[in-house]
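Okay, structure first, notes after.
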Amino acid sequence: MAILRLGSKSEAFHREGNSWICTSGLPSDVNINIGEMSFQLHKFPLLSRSRLLRKLIEECPNGDGASFSLRLDDLPGGAIAFELISKFCYGVKIELNAQNVVSVRCAAEYLHMTDEYGKGNLISQTESFLNELLGNWADSIRALEACEEVMAHAEDLHIVSRCIDSLATKACADPCLFGWPLAGRKSNQSPETTSLWNGISTMTKTKPTSDNWWYEDVTFLSLPLYRRLILAIESRGMRPESIAASVVYYARRYLPLMNRQSSFDDANPGPNILNPSESGQRALLEEIVGLIPNKKGVTSTKFLIRLLRTAMVLHASPSCREILEKRVGSQLDQASLVDLLIPNMGHSETLYDIDCVQRILDHFFLEEQAAAVATPDNIVEEGQLTNESNSMAPMTTVARLIDGFLAEVAPDVNFKLPKFEALASSIPDYARQLDDGLYHAIDMYLKAHPWITDPEREQLCRLMNCQKLSLEASTHAAQNERLPLRVIVQVLFFEQLRLRKSISGWFFVSDNLENSANPSGNVGLKKDGSHHATDGEDDVTHRVSELEKDCSGMKEELRKLVKYKRSWKNFTRRLGFSKSQSCCSKRSKPSNLRAIPPSNVNR
């Protein structure tokens, strides 16, 4: 820390209670009171340095030569600053540093201690020292912090703006170029890297400093000063990623709720944690939201959702929460399932805030639509054709995320069916490559809500597409007693169609392999004229046999399921089969389910 030493005389003041007394041997003739402190001094040293004190002393009637009193309660810096000023007037040794020079500079300006009242007066001395301090990062930080005590006077003297400009310039530059000392940091040097080259030591060289070297130092500033510093840094062209990282660092220091890991711990901070006032944290959070750069991806989605949770706990303004929801929605594809489990702070009975997730999802689709409109179809960028599938990646990711969220909140008995349907139907059908996640969520909901009616079950199951279920999901659905019978039949029907299509495909491949391997018609024959099966034919035969076994197993499951649900007679009558056309007769006949039009199955 830089230090300015003024004066040459030894200490001539001593304190008795709330009074400072000058021990020069002469009785004091002026008593200056500042708050609860009083200074018993002499008129001549004071009026020879300060125009204000000269004016006040001349205006006081003291014809009899008795001492008199003055009050300077409005003096910037108070009694601490005036103690240094009075010692300066007497020529006593004092030390000025980055922590006290601002208040002394403002007090000297208040007392009009210019060079007209003595060469090298206090204004010129402190002004020169301030210019020297602003060349150093750590001293500039301390000087800016000291401006808090005399903010109005420091603003008038442009000390605050000068400190901020100095810090912003240094933050945007490389600190290694100028060797600025960093407050509270150790040197990056290590003895192992010290070496000699042509007799010159490299010990003074330092390792490169990362871009976040200034984050911790600026967190000691108050919110108004920090905000002004961030705006000044942003105006100088610093990357939005660095500004966002600094804001995150600052928020985690002054918002204790941001550091909680559990979703429900956020709502109950605990009695052993000393937190700032709720109103102060609310104001701080709203200011921080305004400081985050409005650029997609510069701030992590996890941090934005934590900020949104904290805003709900602190009852921040609706506009603040809406901004956060929009920011989260613009990059929802980067969120995780745990992030979306936001505790419900409203009047709803559900455990998690379903409405908030719905609004975030709506903002996501609005962003996607705006991006699609901004890119006309007739403009094809380089690589767009080859990476066309990448444009669907965010939509597909969000679809899986919402399906997982529905499965997580489905066991909540207070989760109403209309909200489940609204959230599930918000995802377009093309965004789901498979409906396994949606099926799992529907199954969990049916399990937790056994009281819903059959029409409601069928309405809920219409959300999923039975043709987009995987083999595992179809197998599970075929044995799921919670599903309506119509849905189970659809699952089995589409699975049979899929098996038949697969079998036809394998036979088609087999014919092609045979024709390509035996163009003359006799390559596959042995010397004795017998047929020699190729590897491709053996593989196709094996796969066909496996598919036939799977088909037979599905027929058996269908027979058991129908027998469990209702009689065979009612089943055939509902599907429009005659008894002779049944696919489940005791004789081994191929199934006729493939001949049923889809409209009959739906009926």
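Cβ atoms are placed via backbone N, Cα and C, with glycine included.
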Under TrEMBL, which of the candidate ranges 6-28, 374-396, 581-603 is annotated region 'Disordered'?
581-603
May I ask you to indicate which of 184-204, 520-540 is given in TrEMBL as region 'Disordered'?
520-540
In the domain 'BTB' (28-98), how many residues does DSSP assign to helix, to strand and to coil?
27 helix, 19 strand, 25 coil
